[in-house]
Amino acid sequence: MTKTKIKSLRPTYAEIDLKAFGHNIEQAREKAGTDIIAIVKADGYGHGAMKLAAYAYEKHRVKKFGVATILEGMILREYLGSEPMIFILGYVDGDFFDDVLEYNLVLTMVDEKFASAFNRFLGKMNRTAYVSVKIDTGMNRLGFSPEMPFSDFLAKYENLRPIHVMSHLSSSDSDVDYSNEQIRIFDTYIVNNGITCNTSLFNSSGVSGFNNKFSLVRPGLMLYGYLYGENNVTLRKVMSIHSKVVHVKQIRKGESISYNRRFFAQADMTYGVVPIGYADGYQRSFSNVSHMLVNGVKCPVVGSVCMDMTMIDLSGVDTNSEMHVEILGENITADMWADWAGTISYEMLCGISDRIPRIYLG
Ligand SMILES: *Cc1c(COP(=O)(O)O)cnc(C)c1O
């Protein structure tokens, strides 16, 4: 389908600004003073992992990527070819260990049980494999205790070849003291155990808020233009969502709009239907709360957001002109979406469903 046709498909579409993504990669590198593992899990936080990773690899020499699941890793490998290193950050079932080898993916060893299982599998195959070793310095989710001597790991799992030792900050955007304590624990672990392979601790807010002492960082959110916590980083937003008003309607004072009659007109009014709804990731909790911009005019959402459609107040809009709708972009950010829904921008971005076609620019 041509770009023009995709834009008029529904007509709701997302534009993905690849140059902005590239800019954010360089910002992350500059701030960290090291190279990055670009985190592209959850389909690149909803932006499209394949296209973004390929762009990062081809145009910005990014050679390390992080994803959450085995399937994300396999798909990325097929798309990027054999050179880049692909780290799986989450749980992988033993049924997929053969795929880990076939697709040359780097698993994260998070506890004895998992490391033993993978080590045993490799023994049977008469193989060795590069792995990440995760140390739990205070997230209390995954990882070996910092009390485990690294030499124990090497001795116990003779088929595992650590190329990366990592830990994860629990509160990089909200608790400076706790983060500093995690940095101290991780740094002590690296130094005391004489670890010489790559190390990483920082996610996005770690990169922007703290001095990086380790050889890599693992930014996700900031690559897409969003960031929490105090910082002086200038990022560019990568995704914007656009649509059109597809029907214009009038109602009289006292009449209601949409499911369950949650909006009543205070006066005669003109409103419009926009083809986006909660099945697209435009949350139902936005009902009567959020707004869109129509040709630059702020238009509140009126009534319940439906699965495929949302109604907006068109007061002040010239309804005879072509009505371009900004749903997400420079003026309406994922942070605003998150405020409306009582959550964080991460959840908003990766919730934008693939029913909205992505158009890649640049
Ligand atoms: C998701 C994730 C990241 C990236 O976090 P951001 O806050 O998006 O930068 C880094 N490391 C691990 C282990 C993760 O799971």
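Keep in mind that glycine also has a Cβ here, set from the backbone N, Cα and C atoms.
If you check TrEMBL, you get these features:
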- K41: N6-(pyridoxal phosphate)lysine (MOD_RES)
- K41: active site, proton acceptor (ACT_SITE)
- R141, M307: substrate binding site (BINDING)
- 238-361: domain 'Alanine racemase C-terminal' (DOMAIN)
- Y259: active site, proton acceptor (ACT_SITE)
### Query
Out of these recorded positions, K41, R141, which one has the fewest other C-beta atoms within 10 Å of its own C-beta?
R141
### Task
In whole Å, note down how far the CA of K41 (N6-(pyridoxal phosphate)lysine) lies from the CA of R141 (substrate binding site).
18
#### Entry: For M307 (substrate binding site), nearby residues of its own chain (Cβ under 8 Å, 6 or more apart in sequence)
G277, Y278, A279
### Task
Look up M307 (substrate binding site) in the DSSP assignment and reduce it to helix, strand or coil.
coil
### Summary
DSSP tally for the domain 'Alanine racemase C-terminal' (238-361), helix/strand/coil in that order, comes to 23 helix, 43 strand, 58 coil
### Task
Express the distance between the Cα positions of Y259 (active site, proton acceptor) and K41 (N6-(pyridoxal phosphate)lysine) as a whole number of Å.
35
### Message
Please give me the CB contact count at 10 A for Y259 (active site, proton acceptor), counting all chains in the structure.
### Response
13
